[in-house]
């Protein structure tokens, strides 16, 4: 399970790095004509800068981080296909059906999922999403023309589809819109800086980084003062309405990950942790009584850093998985 998850997630994020031109993260063979790791061409960049709509065909397993119109046409029975969509942290994704020709009565399906799901694990988790799991699926075969446009609740979404008859398929248009207060986010890159703000809302927000990382929290504002605790049976923030926790694990769902530390107090300074897990999550729990804010930066952890402890670092976790 951990290897399969890591392979799929790193495949997804390596493709993203390629599409953004970040070839220093690529350690794969040269891209071939049918390879998903193709860089954006100069012609494509010129077309996009000129305001033209980007169009291309979809593969059975695909990843999109760009707006445009995308078409899938089956050349043989395709039983287990999915397309992952991802935007910047402050973006929402809208998927609109332009054309659909599938055999719903014959067992075909086309479903949008609000978030990502891999090996039965969801992001955002059921604890952190405003909709129930069943409400997060929109099945074209059930809704038809009633709901031809679906907008995500965060910067990731996906479609599942099965098309058995060659020649059948669909076309979708993908657009992005601004999200003033991003909540649940999957990072496109293994390094970055982000500020999460929850303004008087009773909700939980998770920021997921699918890499072993060093994460440094530089600013935390909560509506109360308490302390910083490593997770153990006698110390946690469980009784506090507003806090930040760091999680690590080998899966996608934050609710199934191992809790590493709680931060229960406001501070300006530096709190750093090295987390060698396949997936690292910073999660903010908010009671809705206050405006909570956390600023943090992160970068991919290398083997040399596992051997060198830094000041203001808490315990190190998950290093056997690196």
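Just so it is clear, glycine is given a Cβ too, placed from its N, Cα and C backbone atoms.
Remember, TrEMBL labels are computer predictions, not curated facts.
Residues or ranges marked as signal peptide in TrEMBL: 1-23. Residues annotated as domain 'Corticotropin-releasing factor binding protein N-terminal' in TrEMBL: 52-177. Annotated disulfide bond per TrEMBL: 60-81, 104-141, 183-205, 237-264, 277-318, in sequence order. If you look up TrEMBL, you'll see 185-306 marked as domain 'Corticotropin-releasing factor binding protein C-terminal'.
Known features from TrEMBL, placed on the structure.
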| residue | record | Cβ contacts under 8 Å, 6 or more apart |
| --- | --- | --- |
| 60 | disulfide bond | 72, 78, 80, 81 |
| 104 | disulfide bond | 140, 141 |
| 183 | disulfide bond | 124, 128, 153, 154, 196, 198, 203, 205 |
| 318 | disulfide bond | 212, 248, 249, 275, 276, 277, 278 |
Around residue 81 (disulfide bond), how many other C-beta atoms are within 10 angstroms of its C-beta? 18
Of all the disulfide-bonded residues given, 141, 277, which has the fewest Cβ neighbours within 10 Å once its own Cβ is left out? 141
Tell me the residue counts in helix, strand and coil for the domain 'Corticotropin-releasing factor binding protein N-terminal' (52-177), as DSSP assigns them. 10 helix, 67 strand, 49 coil
List the helix, strand and coil residue totals of the domain 'Corticotropin-releasing factor binding protein C-terminal' (185-306) as derived from DSSP. 7 helix, 69 strand, 46 coil
